[in-house]
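According to TrEMBL:
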- ARG13: site 'Important for substrate specificity' (SITE)
- ASP85: active site, proton acceptor (ACT_SITE)
- THR86: site 'Important for substrate specificity' (SITE)
- GLN169: site 'Important for substrate specificity' (SITE)
Amino acid sequence: MAEHVYLASKSPRRLELLTSLGLKVTVAAGNAHTRGYFEGDEEVRPGEHPEDYVRRTAETKWREGWMRVTVMPGFEKGVPLIAADTTVSLGETIYGKPKDAEEAKAFLRALSGVAHDVRTAVVVGTGPEDMTSVVQRSLVHFRELTEDEIAAYVATGEPFDKAGGYGIQGLAGIFVSRIEGSFTGIMGLPVAETATLLARLGVRVL
């Protein structure tokens with residue numbers, strides 16, 4: 001029988017990655033009219049380092065998810081809840097989800113031809129008292145992008161729900177010359193680190 005986990009995320013990529021591990025995943029669904037659901041605290045505090053920011057935001061999403069999952073019909077006590085957040089940064093400048101097409105283009109211009117950090121924080125716990133987290137950091141190298149490529153990519157609509165304004169598993173994969181780190185971490189959920197956190201709670205993938 002597949003191990004059961006709850007997921008505090010609307011991300012289809014995170015759901016797909018967890019399902020690929022053979023886990024039974026229940027999304028801690030909220031009310032569709034609830035503004036900001038699973039958006040977390042995405043305002044960057046003055047002087048906040050990207051690693052501190054991404055961990056704090058993931059923990060906020062976990063707490064939001066916990067409040068919802070515990071009132072879901074059929075809630076199973078002892079089943080781990082997973083939350084995650086991903087951020088892209090150059091130095092200590094954080095690039096979140098672009099607000100509009102012009103900001104998406106600006107992000108891609110900034111990332112063009114340089115290596116940037118992608119951090120994903122994962123938070124796992126069966127309750128607030130045993131919540132644990134890890135931050136996985138990868139380095140992504142972009143080739144030089146042309147203005148036409150940037151405009152065409154933004155026109156696809158793909159950048160708008162993704163940190164840094166791109167998704168490595170989508171069309172933006174053609175921008176990447178190489179990576180150092182975790183491909184699944186860059187996608188939004190580092191599966192090796194997630195499996196390690198789950199194993200500490202007795203949930204084993206293998």
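Each residue, glycine too, has its Cβ placed from N, Cα and C.
Predicted automatically and left uncurated, TrEMBL annotations should be read as such.
Known features from TrEMBL, placed on the structure.
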residue : record                                     : DSSP (3 states)
ARG13   : site 'Important for substrate specificity' : helix
ASP85   : active site, proton acceptor               : strand
GLN169  : site 'Important for substrate specificity' : coil
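For GLN169 (site 'Important for substrate specificity'), the nearest neighbour among the listed recorded positions (ARG13, ASP85, THR86), judged by C-alpha distance, is ARG13.
Set side by side, the recorded sites THR86, GLN169 differ in how many other CB atoms lie within 10 angstroms of their CB, and the most is found at THR86. Listed recorded positions: ARG13, ASP85; maximum Cβ neighbour count within 10 Å falls on ASP85.
Taking the Cα atom of each, THR86 (site 'Important for substrate specificity') and ARG13 (site 'Important for substrate specificity') are about 12 angstrom apart. Between ASP85 (active site, proton acceptor) and ARG13 (site 'Important for substrate specificity'), the C-alpha separation comes to 12 Å.
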